[in-house]
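Visitor: Below are the structure tokens for one structure; questions will follow.
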Amino acid sequence: MPDRPDLPDRPDTGPYDALLLLSFGGPEGPDDVVPFLENVTRGRGIPHERLKEVGKHYFLFGGVSPINAQNRELLDALRKEFADHGVDLPIHWGNRNWAPYLTDALREIADAGHRRVLVLATSAYASYSGCRQYRENLAASLAVLAEEGRPALRVDKLRHYFNHPGFVEPMAANTLAALAALPEEVRDGARLAFTTHSIPTASADTSGPVPGHGDGGAYVAQHLETARLVADRVREATGRDRDWQLVYQSRSGAPHIPWLEPDICDHLEQQHADGAPAVVMVPIGFVSDHMEVKYDLDTEAAAKAAELGLPVTRAATVGADPRFAAAVRDLVLERAATERGAAPVRCALGALGPSHDVCPAGCCPAAVRGRQQPRPAAAGTD
Ligand SMILES: CC1=C(CCC(=O)O)c2cc3nc(cc4[nH]c(cc5[nH]c(cc1n2)c(C)c5CCC(=O)O)c(CCC(=O)O)c4C)C(CCC(=O)O)=C3C
Ligand SMILES: [Fe+2]
């Protein structure tokens, strides 16, 4: 993230009195795996076979997902970044699917006397899973607190940061490092495969604000933008124009439902057949090197590449990179200033511009599941 000399030291974070890191959560031991998967898939119609298969991925790593440790590192980096710049805002942490749970985090926040909370979700893009589902989780947890008679919290969510320089620049640096890790003779011709979580095409098409709904929706448009921004930086740094493509991973759900394609493994086969000397996998869809990265890319896709004899490396995600921590500080101060009625600088690279602060009505709807009523969502217009 570029220096922001315009950001004051000891800055005003009002009206907010807490930041909440909101994430997915993951198992921390073998006994956690099945209950974790039950939490993730409750009411989502994922085939039993797929669940057994995904359970195996976790057991291959001792039943431990790296995601919670990575979020603890991110918390440390954020607290250091805030302390170094006089940002006096406590940071709490809660997850959708595993301890520490979101409801407990919100209880902690309320009991500490905080009332206005800003939320950082560990997803940089618009989608039901990465945005509205977290807003639904917030609404459900706030309802529990209200039932318990706790004072009301007001919750806002930080805007999508896929095109923030503090997300793009470390991703580009990590891509250059992954290129450098390839054997020298294949480096110059290596292609870039930007990867993200596949989602049903019906969810992608309706992702983002309603007027932007279209083929692939905001989900695909935002990922293409991040991919292009990273590819531009890699071209500038290496002086070589190389082929790149956005591809998908971690598909679940029933086979007859269309999900975003191509899958990374099919893409590697295609690249090999096409004569690509090497491929760098760049997981722009994720904020840390959690299980979807460690298994789906480093284990499954890496095995496919080995079978093909195709050299591959994988770029690290932003994780707890200080540039990403600085981006969060920037986004927090920006939003606080906006809420106070100021017009702060809103950092964004590329052509899409800074994303909306408040999700408009109809943004990233849940897939229609029978006659089910839409679930209440917090931190947005509906
Ligand atoms: C867009 C998106 C992100 C990125 C944005 C964000 O980060 O939020 C993401 C992240 C993650 N997904 C994760 C794990 C899982 N996702 C599943 C299932 C699903 N993901 C979906 C989408 C996404 N998922 C969807 C549409 C489903 C189908 C069921 C449903 O509609 O909900 C399942 C069920 C089994 C299966 O894989 O089929 C698991 C275990 C973990 C934790 C990894 C760890 O433990 O380290 C993380 C960070
Ligand atoms: Fe997922």
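From the backbone N, Cα and C atoms, a Cβ is placed for every residue, glycine too.
Please treat TrEMBL annotations as automatic predictions, because they have not gone through curation.
These numbers come from a predicted model, not from an experiment.
Sharing the record's features from TrEMBL:
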type	residues	note
BINDING	SER65, TYR134	Fe-coproporphyrin III binding site
BINDING	HIS197, GLU292	Fe(2+) binding site
Visitor: Give the distance between the Cα atoms of HIS197 (Fe(2+) binding site) and SER65 (Fe-coproporphyrin III binding site), rounded to the nearest whole Å.
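Guide: Taking the Cα atoms only, HIS197 (Fe(2+) binding site) lies 17 Å from SER65 (Fe-coproporphyrin III binding site).
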Visitor: Could you tell me the C-alpha distance between SER65 (Fe-coproporphyrin III binding site) and GLU292 (Fe(2+) binding site) in angstrom, no decimals?
Guide: 9
Visitor: List the same-chain residues at least 6 positions away in sequence whose Cβ sits under 8 Å from the Cβ of GLU292 (Fe(2+) binding site), in sequence order, or say none.
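Guide: Looking at Cβ-Cβ distances below 8 Å from GLU292 (Fe(2+) binding site), excluding near sequence neighbours, one finds HIS197, GLN249, SER250, PRO283, PHE286.
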Visitor: 10 Å Cβ neighbour count around TYR134 (Fe-coproporphyrin III binding site)?
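Guide: Result for TYR134 (Fe-coproporphyrin III binding site): 24 other Cβ atoms within 10 Å.
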Visitor: Looking only at Cβ atoms, how many others are within 10 Å of the one on HIS197 (Fe(2+) binding site)?
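Guide: Here the count is 23.
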Visitor: Give the number of CB atoms, excluding that of SER65 (Fe-coproporphyrin III binding site) itself, located within 10 Å of its CB.
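Guide: I get 25 for this one.
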